[in-house]
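A.B. asks: Got a structure for you, questions after.
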Amino acid sequence: MARFELQKLYIDGGYVDASNTETFDSINPANGEVLAKIQRASKEDVERAVVAAEKGQKIWAAMTAVERSRILRRAVDILRERNDELAALETLDTGKAISETRYVDIVTGADVLEYYAGLVPAIEGEQIPLRDSSFVYTRREPLGVVAGIGAWNYPIQIALWKSAPALAAGNAMIFKPSEVTSLTTLKLAEIYTEAGVPNGVFNVLTGSGREVGTWITEHPRIEKVSFTGGTDTGKKVMASASSSSLKEVTMELGGKSPLIVFDDADLDRAADIAMMANFYSSGQVCTNGTRVFVPNALKGEFEAKILERVKRIRPGNPEDENINFGPLVSFEHMESVLGYIAKGKEQGARLLCGGDRLTGGVFDKGAFVAATVFTDCTDEMTIVREEIFGPVMSILGYDTEDEVVRRANDTDFGLAAGIVTRDLNRAHRVIHLLEAGICWINAWGESAAQMPVGGYKQSGVGRENGISSLAQYTRIKSVQIELGDYASVF
């Protein structure tokens, strides 16, 4: 029997039954428990949500900027009041340690919503003089009904990253969470309604990306789709969105990011950064720096420091405050990660630690994989080329700066990159050469609300967060006014 009651769709300000009887299970990856039965939206439900969103958006957009800002700030307050409750639910649904979800997931999502709530009154046009008798003014108008499609690793944070700028700009949103982790997004919908967001402005449709996601991206009255997920799926979403009605798209896709340790680096700091860039959230972070480049002369010393730090990982029941390493998000994903680890062994990478499923005691019922470190890796290995999205670090040796920059850029991805060095001249020089949209110097992973994030190459289109993202949820209307005589050629 499921722990929670049947989870319904959220349309037009409240829970409604799907138009069919199909459901799917939400599974706790720490122990295989069925958390809830969740209704699967139909194509008819997508249309219902669009109609509700169109109605609600007109009311929302007609409010003053200050009114919208106040309502969104109230949603921020409710999120913070319910932080621990939401974090506990996120931990059950994703398997992420409560020590993460309590202090990061809801907190950073609320920070982004607060940031955009403060920017609402700053949405403004401009006045452009043409001559004494004529000028142009511009209006930034909301797109209308937009859609967000989330990934499974940061469910509520991603829903907030997408909905915050969309709602701040006066749009209504239809959001489809990942089928794997749907529960906290439904709670977010409740919070928006409680805060005073008009009915229909934020709707949640649960179900598979193959069905519900496709119906959303193909819908002719949805003006924009913001998607977070894998590159292959992103390409399909983009093709569907453009072929149906030339929708605008924002894509935050996969990565295989390089972390470069230079010969002057503080190796203890470098090892700390590498650990966070590979094993935080059990390695399930799109920006992870999984290709760790280390000077050949320092590789042995660096490996020893990594092994020392791996001993500090505390895997186990993610509801335990002392645990800092939970299971992977699902048993299916666990098998995928184990498959990549097997390829690493087969292709000649030297295994420093891990490399297996964790078993015994609490681990037997969960999707746990040991923190895994390979070294002596080469650029053509599968574990170096493809995104694994799990706790697998690949250490690669190098000799020169030119060599490591070339190899770091030798990838189809371009989401993130980082370097560790004491030489700031080198730091900025190399960062300017790296083909990645998010870069860190002597750090890794922080993405403040003010910081635009997104990728180069096949890692994405557009940006999330920052002022630029707010503009992407508006369109410009140009208006010319003539105060003087109008001359006709006829």
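Here the Cβ of each residue, glycine as well, is placed from N, Cα and C on the backbone.
As the structure is a computational prediction, the values presented were derived from the model and not from experiment.
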A.B. asks: Pick the one from V180, V197, V201 that Swiss-Prot also lists for the K(+) 1 site with S26, I27, D93.
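C.D. replies: Answer per Swiss-Prot: V180.
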A.B. asks: Of G200, G254, G366, which one shares the NAD(+) site with G150, A151, W152, K176, P177, S178, E179, G230, T231, D232, T233, C286, E387 in Swiss-Prot?
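C.D. replies: Looking through G200, G254, G366, the residue Swiss-Prot assigns to the NAD(+) site is G254.
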A.B. asks: How far is it from E248 (site 'Seems to be a necessary countercharge to the potassium cations') to G460 (K(+) 2 binding site), counting Cα to Cα, in Å?
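C.D. replies: It is 13 Å, counting Cα to Cα.
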A.B. asks: For C286 (NAD(+) binding site), name the DSSP secondary structure in the helix/strand/coil scheme.
C.D. replies: coil
A.B. asks: What count of other C-beta atoms do you get within 10 angstroms of the C-beta of E248 (site 'Seems to be a necessary countercharge to the potassium cations'), across all chains shown?
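C.D. replies: E248 (site 'Seems to be a necessary countercharge to the potassium cations'): 17 neighbouring Cβ atoms within 10 Å.
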A.B. asks: Should K457 (K(+) 2 binding site) be counted as helix, strand, or coil on the basis of DSSP?
C.D. replies: strand
A.B. asks: Using C-alpha atoms, which one of the recorded positions E179, E252, C286 comes nearest to K457 (K(+) 2 binding site)?
C.D. replies: E252
A.B. asks: Restricting to the binding-site residues D93, G150, V180, T233, which ones have a CA within 10 Å of the CA of G460 (K(+) 2 binding site)?
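C.D. replies: None, since no candidate lies within 10 Å.
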A.B. asks: If the K(+) 1 site is taken as the center of the Cβ atoms of S26, I27, D93, V180, which further residues of that chain fall within 8 Å of it by their Cβ?
C.D. replies: D25, N28, P29, L35, T94, T181, S182, L183, V329, S330
